[in-house]
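Read the structure below first, then the notes.
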Amino acid sequence: MKNVKYRFLIVFILCYSLLSVGQDVKKKDNANIDSLLQLIPIQKDSVLVETYFTIFDQYIFKDPKKGAPYLDAAAPIIDSLKSKYLEAELLRKKGLYIQELGDFNQALVHLNQAKVLYNELGDREKLKTVYNNIGIISKDLGQTATALEAYLICIKISESLGEPEQGRAPNLMNIGMLYSKLGNLEVSNDYYKKVEAICLEHNLEYGLAITRSNRATNLAKVDKLQEALDLYLGAMPYFERTDRKSAIGEQLNLIGAVYVKMDSLKKAEKYFLQALNLNTEIEQKNQLGISYRNLGDVSYNERDYKSALENYQNSLSLAKQLSNNIEIVDDYLKISNTYEKLGDISQAYEYRKIYSVMYDSIFSRENNQKINALELRYKTEKSEQEIALQKKEIALLEEQGRTANLQRVGLIVGLLTTIAIFGLIYYGIRQKMKRNRLERERVKAELAFKEKELTTHALHLAKKNEVLEGLKQKAAELKKTEGGGKAYQELIRTINFDQQDDKVWENFTRYFEAVHKDFEKDAVSRYPDISKNELRLMALIKMNLSSKEIANILNISSDGVKKARQRLRKKMNLSPEDSLETTVMAI
């Protein structure tokens, strides 16, 4: 009875705090914590543990370090109570705390232990929360297929619990973030739109702020910088009002990154330094590492390569501590580029090798196929569940029909016959629709994969030629200043041979034809005078690549691209008003 009174008192205080209108959010939170602290001396056992947990929850997204002592205080009480549920809750909250600090591997240990206990307890609601956190951590560790599987499990649990759609919004958003990391912005944006619609319908301020921030990240990736900046700045007031320091630190980094792209380096540096100081204060190592990398980008753009290298190495050191493979890959690439600018070709080459191996392991074809298979399996299972539900509804209708037929024998025969025929036709139509839908999804997924594979191949080809050209120029410079000219000349010949290797184009053509079937055949049929090199140029235009990317892939200058385009226009008999891109896209 005494415990019930204390629980009621806690609930009353929380409700009173939440319903106080016109007060600042920070003041309300502080008042709430102060009220809870006054209860601690008169509480014990599970009631006291719940109070410690509630205080910790108030701090976790604002200042995690302040919340940690309350978990430590709860631990011995839970141990004495031998409560499996409270033990699971403690493990989950410790995992969340360690995750906020950025120690992903250690956080995963606690969350997996909590998952086992929730499974034993049959607590599916808490299990869903744990899987969501596991998905977030797996994404940061570069385990993208594992992350997607965890998010899909969350959605299945939510559906089985009969939760409203807003309960699945965080999982849908995390899937969108995962696809954004993988570079599939179209699919990512589709998920963000779903989440934004849910948040607007149910007035979910936090979800709306996070989703718009994530949309801004995708916009920045396609250089829609002002739109991205407006969304970031629009989301920031909510995080400041609710004192979510981790989110503020992340937003500062993101806003600064947009200013770097805008070439406003002083503004960018101001935001990055604010992020660095805040993330240092709250010991958020993941965002702290990103702050160092961003400051490295500023120095790199200012051509202060020594300072850039120091910041990139600080970022890499933190990413390695956290086993954050997604960030490690980016750091290796930036360090390689910086060593190249400093003239240390040997170090540039070593870091580039490590980058290539890690990039392939995270973004490999096998991994992408696994992700596509997981999503397809989820959609298929969901369709099958819908069909099963419809079958149950039909069976219920048939049972009602049989009961009615006891009264009117004549009507029974006709009614049952009609229902049976309708059921068979309906079932046949549903099965056919299911097969058609699955086939469309399979073809769409296969085409999307091939398009991504083609784009990746083209961009890798462009990057390879760019790097080889840089190495060739560096070798030519070294040849003039040092001995061993013959060896450098041999290196230049080798690079020239690799840049002109027809096998590379054969591979590219194979990928291209898999996506754009009969393109070469149709182009030659329409324009029989075009050469092999002009066909290559048309293929790259068809992929909507920039002039710089085309120049790198064809190993020619930007002026060379312009001249090649002019020759192609002439052979295609295009007037000055005709668009070359539109004409090629129509083939």
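Here, residue 1 is simply the first one shown, and the rest follow in order.
Note: Cβ is positioned from N, Cα and C throughout, glycine not excepted.
Pulled from TrEMBL, these are the features on record:
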REPEAT    249-282  repeat 'TPR'
REPEAT    289-322  repeat 'TPR'
TRANSMEM  409-429  transmembrane segment
COILED    433-481  coiled coil
DOMAIN    531-574  domain 'HTH luxR-type'
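Per DSSP, the secondary structure of the domain 'HTH luxR-type' (531-574) breaks down as 33 helix, 0 strand, 11 coil. For the repeat 'TPR' (249-282), the residues of the chain that approach it from at least six positions outside its boundaries are 63-65, 213, 216-217, 220, 223, 225, 228-229, 232-233, 235-236, 239, 288, 290-292, 294-295, 297-298, 301-302, judged by C-beta separation under 8 angstroms. Residue counts for the repeat 'TPR' (289-322) under DSSP, helix first, then strand, then coil, are 31 helix, 0 strand, 3 coil. Across the repeat 'TPR' (249-282), DSSP assigns 30 helix, 0 strand, 4 coil.
Looking at the repeat 'TPR' (289-322) alone, the prediction's average pLDDT is 94.
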